[in-house]
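*Asks:* So Swiss-Prot lists the following for this protein:
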type	residues	note
ACT_SITE	CYS300	active site, thioimidate intermediate
ACT_SITE	ARG396	active site, proton acceptor
BINDING	ASP244, GLY293, ILE294, GLY295	NAD(+) binding site
BINDING	GLY295, GLY297, CYS300, GLU464, SER465, HIS466	K(+) binding site
BINDING	SER298, ASP333, GLY334, GLY335, GLY356, SER357, TYR380, ARG381, GLY382, MET383, GLY384, GLU410	IMP binding site
DOMAIN	92-148	domain 'CBS 1'
DOMAIN	152-209	domain 'CBS 2'
Amino acid sequence: MRILQRALTFEDVLMVPRKSSVLPKDVSLKSRLTKNIGLNIPFISAAMDTVTEHKTAIAMARLGGIGIVHKNMDIQTQVKEITKVKKSESGVINDPIFIHAHRTLADAKVITDNYKISGVPVVDDKGLLIGILTNRDVRFETDLSKKVGDVMTKMPLVTAHVGISLDEASDLMHKHKIEKLPIVDKDNVLKGLITIKDIQKRIEYPEANKDDFGRLRVGAAIGVGQLDRAEMLVKAGVDALVLDSAHGHSANILHTLEEIKKSLVVDVIVGNVVTKEATSDLISAGADAVKVGIGPGSICTTRIVAGVGMPQVSAIDNCVEVASKFDIPVIADGGIRYSGDVAKALALGASSVMIGSLLAGTEESPGDFMIYQGRQYKSYRGMGSIGAMTKGSSDRYFQEGVASEKLVPEGIEGRVPYRGKVSDMIFQLVGGVRSSMGYQGAKNILELYQNAEFVEITSAGLKESHVHGVDITKEAPNYYG
């Protein structure tokens, strides 16, 4: 029998406190998603069909993290999800949605409803700005067959030229009491749009994770051989692709990674793996970040069904040992129950954590609401569950094309307590990590990694760590028993 190592998970270890002059409120949580993309908080929402679509992704990016839109949908639908995130706000919208004057108000309503916007510039066939259609123009219109050109606010409009700063734009909009400022070139061709909503959001969400154009960052999951999907997502403006598999150390994954890096300019996160060798091979093939975790998720049964995996603390430690030599970030995916688990993962050298169950219960997640015994819940399922596999994730478990009755699941379907908004959950997780860094005397995540020392604890130590000898009469927002 070949026993390679003693393997530990989050509940097996604790960090030892250190002398500290660092206050939790003063620490920096800035980190990296990939070698080229930063994060303002080290949190990623999982690419699961009950966790991340555009609403979760928008919420995560506004808070400084990022969401990974799942792939259990056709290419066009996934592209639309990415577009909704990229269009949700922007410093300057460089490719604004527009409409032609001969279109109907019904057409305009489809556009505004689909992209959740309150108005749209109107252009002619040459792209020249000729008006703008806003809520004010259509508020009392009941005949949706009317032409946009008959209802819109016509030129002259208050406009600005390419290169205007957001501060200058804000002053101009305030002066003229307008909510939308079209950006035009010297020939009056529409080149961009600035909205007062985006300026307000910049103030409301100062830590938002944005790209070079002021748009929220977002990632998307793809499967083996899905180069067409990857290309369409990159065209839509996705910031990073997640090449997602239950077994990231496979020939097909390595081949797909090499093909993507050869043909597209985009950062690729690859996983899932748990060994040094796998990490080395993925980095050699071009991975911009490595995702770690086989079987730690609450809804994953891989370790039981297949007898394969590794406890998450040891898995992170293995992969970080190799990835750190190449300055490649490691993402700890799965097994996070408490904010203390996040702190442990970061102290082990992970650059960020990917979260599923804790976000599945939020308002923004795509799971279904349900009431059970008088309490609110939301549905949550593993991507290896029968339901998820029949919707498109079977390739993640190397069962693509298998009839539904022949699938061998590696996950279950269940429910999790409703936990309010994404911002409420992230607030508690961030607060816990800040507290941990204060105990460790770490001003930033790098110092946490450099400073942290661990002790292995017994089952009695774990029991002592949890609430004991008392009945909880009022639940805490960050402790689930």
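Just so you know, glycine gets a Cβ as well, placed from its N, Cα and C.
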*Asks:* For GLY384 (IMP binding site), which of the listed recorded positions (ILE294, CYS300, GLU464) have their CA atom within 10 A of its CA?
*Replies:* CYS300
*Asks:* With the IMP site defined by the record as SER298, ASP333, GLY334, GLY335, GLY356, SER357, TYR380, ARG381, GLY382, MET383, GLY384, GLU410, how many Å span the farthest pair of C-alpha atoms?
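*Replies:* Spelled out: the longest distance between any two Cα atoms in SER298, ASP333, GLY334, GLY335, GLY356, SER357, TYR380, ARG381, GLY382, MET383, GLY384, GLU410 is 16 Å.
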*Asks:* Taking GLY382 (IMP binding site) as the reference, which of ILE294, GLY297, CYS300, HIS466 (the recorded positions) have a CA within 10 A of its CA?
*Replies:* GLY297, CYS300
*Asks:* Specify the secondary structure state of GLU464 (K(+) binding site) as given by DSSP, simplified to three classes.
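*Replies:* The residue in question, GLU464 (K(+) binding site), is helix (DSSP, three-state).
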*Asks:* What recorded positions among GLY334, ARG396, GLU464, SER465, HIS466 are found with a C-alpha within 10 angstroms of that of ILE294 (NAD(+) binding site)?
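*Replies:* So the list is GLY334.
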*Asks:* Nearest to the residue listed as 'active site, proton acceptor' by Cα, among ASP244, GLY295, GLY297 (binding-site residues)?
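*Replies:* Smallest Cα separation from the residue listed as 'active site, proton acceptor' among ASP244, GLY295, GLY297: ASP244.
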*Asks:* Could you tell me the mean pLDDT the prediction assigns to the domain 'CBS 2' (152-209)?
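*Replies:* Mean pLDDT, the domain 'CBS 2' (152-209): 88.
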*Asks:* Which one, from the binding-site residues SER298, SER465, has the smallest tally of other C-beta atoms lying within 10 Å of its C-beta?
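*Replies:* Checked SER298, SER465; of these binding-site residues, fewest Cβ neighbours within 10 Å: SER465.
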*Asks:* List the residues in the vicinity of the NAD(+) site, defined as same-chain residues other than ASP244, GLY293, ILE294, GLY295 with C-beta within 8 angstroms of the site's C-beta centre.
*Replies:* ALA246, GLY248, GLY271, ASN272, VAL274, LYS291, VAL292, PRO296, GLY297, CYS300, THR302, GLY309, ASP333, GLY334
*Asks:* What subset of the binding-site residues GLY295, GLY297, GLU464, SER465 lies within 10 angstroms of GLY356 (IMP binding site), using C-alpha positions?
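*Replies:* Near GLY356 (IMP binding site) by Cα: GLY297.
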*Asks:* How many Å lie between the Cα of CYS300 (active site, thioimidate intermediate) and the Cα of SER465 (K(+) binding site)?
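*Replies:* Just about 25 Å between their Cα atoms.
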